[in-house]
Amino acid sequence: MASNKLISILVLVVTLLLQGDNNYVVEAQLTTNFYSTSCPNLLSTVQTAVKSAVNSEARMGASILRLFFHDCFVNGCDGSILLDDTSSFTGEQNAAPNRNSARGFNVIDNIKSAVEKACPGVVSCADILAIAARDSVVALGGPNWNVKVGRRDARTASQAAANSNIPAPTSSLSQLISSFSAVGLSTRDMVALSGAHTIGQSRCTNFRARIYNETNINAAFATTRQRTCPRASGSGDGNLAPLDVTTAASFDNNYFKNLMTQRGLLHSDQVLFNGGSTDSIVRGYSNNPSSFNSDFTAAMIKMGDISPLTGSSGEIRKVCGRTN
């Protein structure tokens, strides 16, 4: 009887692993040397292309990093954000968080084209995006890390999931914590990954309410932002402002220093330092850039592990914007 009970328990455990949240199982299938034999020049090919793109326009580094973030938060890091709309499904590119703001697709397409010439049918678009995100950070002076690869590409995308899963710029602290927790990321991961706003820009429509209505904002900073972001909705909606007012083209810890002086551009930025549970993390990153870099790279690796397609799941797209 005892033997039968033990067998039953083992069967239950295996079943739960196979049917339940199997991120740990999938994680083990991603490795840093997945393409070392099948596409040995992959990393140098991606790095060269990203460097060229960022040298031409520093903002592109932030755009590629954002693409990766928005990809991973919608059904995992599967390259679904790269898919164009088709007659059979509406993709993620025109979801509210991405419409008129997601960019960098041409850079990923160019990299994919170069990789296909060298290693046809081998490297996924999902992996190219993951590597390009890392190289974008490095190109702007940020930390380096080893990217785990071995992902495959999704055959579909979900606008509904993009609308519901990607945190809004108006998110409260509790909403941010909840959104990140839903994909297995901790509060500390969330604050570290928010530090990606040390680079890039945002549209007036995303911060208008903050600069006109909120009180936890530096007055001079608000006045400066108001000059290019009119109060009336529909006027200047697409006008851009740097997320990091001090060093927008350098990956550093000034984003956190700005929060401590109430110069966070987005509502979802400033809530990280507003008398809440994350104040101490922001203060720590502001004082210790090495701590931020270390936590950021760890969080990026962890985010890259969100529900990847591996093995025989998905496909290796020939062109990133469409399925095979």
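Heads up, the Cβ atoms here are built off N, Cα and C, so glycines get one too.
Residues annotated as active site, proton acceptor in Swiss-Prot, with sequence analysis given as evidence: His70. For His70 (active site, proton acceptor), the count of additional Cβ atoms within 10 Å of its Cβ stands at 21 [all protein chains shown].
In this structure, Ser80 (Ca(2+) 1 binding site) is part of a helix by DSSP. As annotated by Swiss-Prot, Ca(2+) 1 binding site applies to Asp71, Val74, Gly76, Asp78, Ser80.
Over all protein chains present, the Cβ of Pro167 (substrate binding site) has 18 other Cβ atoms lying within 10 Å. Annotation comment: Swiss-Prot describes Pro167 as substrate binding site, evidence class sequence analysis.
As annotated by Swiss-Prot, heme b binding site applies to His197. According to its DSSP assignment, His197 (heme b binding site) is helical. Around the Cβ of His197 (heme b binding site), a 10 Å sphere holds 26 further Cβ atoms from the protein chains shown.
Taken from Swiss-Prot, the feature Ca(2+) 2 binding site covers Thr198, Asp244, Thr247, Asp252, and the record attributes it to sequence analysis. The DSSP secondary structure for Asp244 (Ca(2+) 2 binding site) is coil.
When Cβ atoms from all protein chains are considered, those within 10 Å of Cys39 (disulfide bond) total 18, not counting its own. If you look up Swiss-Prot, you'll see Cys39-Cys119 (among others) marked as disulfide bond, on the strength of sequence analysis.
The annotation disulfide bond is assigned in Swiss-Prot to Cys72-Cys77 (among others) on the grounds of sequence analysis.
A coil conformation is recorded for Cys320 (disulfide bond) in the three-state DSSP classification, outside any helix or strand. Here Swiss-Prot flags Cys125-Cys320 (among others) as disulfide bond, drawing on sequence analysis.
When secondary structure is read from DSSP and collapsed to three states, Cys204 (disulfide bond) falls in the helix class. Long-range Cβ neighbours of Cys204 (disulfide bond) (same chain, at least 6 residues apart, Cβ-Cβ under 8 Å): Thr228, Cys229, Pro230, Gly236, Asp237, Gly238, Asn239, Leu240, Ala241. Under the heading disulfide bond, Swiss-Prot lists Cys204-Cys229 (among others), citing sequence analysis as support.
The N-linked glycosylation site feature in Swiss-Prot is assigned to Asn213; the stated evidence is sequence analysis. Annotation note: Asn213 (N-linked glycosylation site) sits in a helical segment as assigned by DSSP. For Asn213 (N-linked glycosylation site), no same-chain residue 6+ apart in sequence has a C-beta under 8 angstroms from its C-beta.
As annotated by Swiss-Prot, signal peptide applies to 1-20.
A C-beta separation below 8 Å, combined with a sequence spacing of at least six in one chain, links Arg66 (site 'Transition state stabilizer') to Ala102, Gly104, Ala196, Gly200. The site 'Transition state stabilizer' feature in Swiss-Prot is assigned to Arg66; the stated evidence is sequence analysis.
A C-beta separation below 8 Å, combined with a sequence spacing of at least six in one chain, links Cys72 (disulfide bond) to Val183, Met303, Gly304, Ile306. Counting only same-chain residues at least 6 apart in sequence, those with a Cβ under 8 Å from the Cβ of Thr198 (Ca(2+) 2 binding site) are Leu243, Asp244, Thr247, Ser250, Phe251, Asp252, Asn253, Asn254, Tyr255. Within 8 Å of the centroid of the Cβ atoms of Asp71, Val74, Gly76, Asp78, Ser80, where the record puts Ca(2+) 1, the same chain has further Cβ atoms from Cys72, Phe73, Asn75, Cys77, Gly79, Ile81, Glu92, Ala126, Ala154, Ala157, Ser307.
Checking the recorded positions (Cys77, Cys119, Cys125, Pro167) against His70 (active site, proton acceptor) with a 10 Å Cα-Cα cut-off leaves Cys77, Pro167.
When each of the disulfide-bonded residues Cys77, Cys119 is scored by how many other Cβ atoms sit within 10 Å of its Cβ, Cys119 comes out lowest. The separation of Pro167 (substrate binding site) from Ser80 (Ca(2+) 1 binding site), Cα to Cα, is 17 Å.
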